[in-house]
Every structure is written in C-alpha cells, then in structure tokens.
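To start, the structure itself, in structure tokens.
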Amino acid sequence: VIAHPKYQESKRIAIFLSMPDEVQTEEIIKDIFKQGKECFIPRYKPQSNHMDMLKLSSAEDISSLALTSWNILQPSDDDTAREEALAGGGLDLIFMPGLGFDKKGNRLGRGKGYYDTYLERCMKHPCGKPYTIALAFREQICESVPVTENDVPIDEILYEDC
C-alpha cells in the first residue's frame, strides 16, 4: 500500500479505522502522518446513509475518539472542530473496506450505502471523485458480487498476491 503510486502522489487521504475482521489500517495511518499527508476518517450518521470524512490531527488522535454502538471509533456528533474533507480541498484517495469484491471493481459493503452516497457527493465537489482503493483479503475476492444502480465501482482492489 505504502509503495503504491496513487498513495505516494496523494496528499489528502481518507481511510477507515479497521474492525477486527478487516485489513488492519493502523500502520497505514501512521505512515500518512509520517509522510506529512492529511488523514480523514469516516463519521457515520446512524439511521441514515450519510457519512462525512473528518480530519485526524495525528495517529494518537484516534485514542480520543468515541466508540459507536457498532464498535467503531469515530469523532462524536458534537465534534465540530474537525475539517470535513468536502468542505475543504476534497480528497485525492479513499481506502475502502468491504465484505466482498469482484475483479470488475464491484464492492459488497455492509448494506447501508455510506461509501456509495459519499462518492456521489465527491463527484459534485470541484476536485471531483477521488481514486478509490479497496483493502481486502484474498478470500474476499469473489466471481461476482450483487450490485444496484446506486453502487459506485471502485478503481482498484489491493489484496495479498494480487
């Protein structure tokens, strides 16, 4: 991931804080700060499909985040001091989680449409849609995954031995 050309050239990067069953992102987050890049993480709004990408000030900043009912760390709803990526300079790259992927760039998420809705918002931003990379385990690569017209394909899937 760290040697990837898109990662190297990106300045504003959104990445998920991994759950135990996902590719672990902690070392990537540390590298984002080591390289002097800007790091944004998701804040999901429950009972909706709305998500914002909010800026982290450091890798250590993660320890100040609240744990949601889904067991995900994220900035609290009353945290208004953080920059939202689309209110500023947009994003260059989004690392995306998922449950399953196919080689055509289709992604099976957890069913709420947070990332698809966010990418639609990105497309309306003056900076346009960021490059998207899914981080996956080889076992998550499927022949095909079900999609609807609202699903936004991802640009690339990175997994072991891909």
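Our numbering is plain: 1 for the first residue shown, then up by one each step along the chain.
Placement of Cβ uses the backbone N, Cα and C atoms for every residue, glycine included.
There are 16 other Cβ atoms within 10 Å of the Cβ belonging to Glu22 (substrate binding site). For Leu17, Glu22, the entry in TrEMBL reads substrate binding site.
Taken from TrEMBL, the feature ATP binding site covers Arg107, Leu108, Gly109, Arg110, Gly111, Lys112, Gly113, Tyr114, Tyr115. In sequence order, Met96, Gly98, Gly100, Phe101, Tyr115, Ala134, Val145, Asp151, Pro153, Ile154 are the residues of the chain that are 6 or more apart from Arg107 (ATP binding site) and have a CB within less than 8 Å of its CB.
Excluding Arg107, Leu108, Gly109, Arg110, Gly111, Lys112, Gly113, Tyr114, Tyr115, which define the ATP site, the same chain contributes Gly98, Asp116 within 8 Å (Cβ to the Cβ centroid), listed in sequence order.
For Glu22 (substrate binding site), the spatially nearest entry among the binding-site residues Gly109, Gly111, Gly113 is Gly109, judged by CA separation. When the alpha carbons of Gly109 (ATP binding site) and Leu17 (substrate binding site) are compared, the span between them is 15 angstrom. Between the CA atoms of Gly111 (ATP binding site) and Leu17 (substrate binding site) there is a gap of 18 Å, rounded to the nearest whole number. Taking all protein chains in view, 25 other C-beta atoms sit within 10 angstroms of the C-beta of Tyr115 (ATP binding site).
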